[in-house]
Amino acid sequence: MNSSLDNLFAQPGEHQGNFQFDSRVAGVFSDMIRRSVPGYGQIINTIGDFARRFATPGSQIYDLGCSLGAATLSIRRQIEGRGCRIIAIDNSEPMLSRCREHLDAYVSDTQVDLQLCDIRQVKIENASMVVLNFTLQFLPPEDRDTLMRTIWQGLNPGGVLVLSEKLRFEDQAIQSLLDEQHLDFKRANGYSELEISQKRSAIENVLVPDTLAVHRQRLANAGFSQVEPWFQCFNFVSMVAIK
Ligand SMILES: Nc1ncnc2c1ncn2[C@@H]1O[C@H](C[S@+](CC[C@H]([NH3+])C(=O)[O-])CC(=O)[O-])[C@@H](O)[C@H]1O
Ligand SMILES: O=C(O)C(=O)Cc1ccccc1
């Protein structure tokens, strides 16, 4: 298991075309997401805290778009001895094989099923917790409502969904302000202007953010009546929704 520092977009013309979760990205992903998403470490820790509160004995926990398994690891640390099963899904093979290495590096009595498949195909049942940590934003917008209904149907009463996303804003002044603050965060983490602009072009058509209002409406339409953002920094939010 070797993970490297992210310099994927450092050279002119590098990584042209759309951003993909390929082996190059998987190899630097841990560094990339920490330097790109403000609050990522806090969100991962808090997902573990939520698991400790919500995971009921014998229930299932889903980590949809698990990447290298950061959320799954955080959850697993908090729910030992409850006979829960974690189902962690990603459709990127390089991500999933590195995820398996990370999980195998620690001993645990909690079973983790890693599944290489599209989260739009997932069956959810007997779930006390579902995690979508920066994954919904990569689904085609027209597929997002259906997934949210599937999640609501598979959650047990009292179960929790954690939904973290990059946000878009209707107000242009707010959009520019929070976008600029996010860019400053990336600059402060050592990304050059070239890296920032090349990555921005690569993710433009791949990561399609919704507004907070759209998220709230989608969650309400799916059946969630208790919804609240528990974390926001600039254009990144993490919401909690209880069935
Ligand atoms: N349709 C899909 N089906 C399955 N997986 C998908 C799909 N679309 C995208 N992915 C997967 O969703 C993940 C998104 S990253 C999640 C971080 C993680 N949750 C973390 O807590 O570290 C967020 C980011 O890169 O900003 C990638 O691993 C994709 O392969
Ligand atoms: O880097 C960015 O600008 C982002 O919006 C976050 C991100 C983090 C990791 C992969 C893709 C997008």
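Here the Cβ of each residue, glycine as well, is placed from N, Cα and C on the backbone.
Bear in mind that TrEMBL entries carry predicted annotations, made automatically and left uncurated.
Summarising the annotation, TrEMBL assigns S-adenosyl-L-methionine binding site to Tyr40, Gly65, Cys66, Ser67, Asp90, Asn91, Asp118, Ile119, Asn133, Arg200. The feature domain 'Methyltransferase' is assigned by TrEMBL to 61-159.
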Contacting binding-site residues, sequence order - Tyr40, Asp90, Asp118, Asn133 vs ligand 1, Cβ under 6 Å: Asp90, Asp118, Asn133
Secondary-structure category, per DSSP, in which Asn133 (S-adenosyl-L-methionine binding site) falls: strand
Mean predicted confidence [pLDDT] for the domain 'Methyltransferase' (61-159): 98
Of Asp90, Asp118 (the binding-site residues), the residue whose Cβ has the fewest other Cβ atoms within 10 Å: Asp118
Least surrounded among the binding-site residues, given as Tyr40, Cys66, Asn133, when other CB atoms within 10 Å are counted: Tyr40
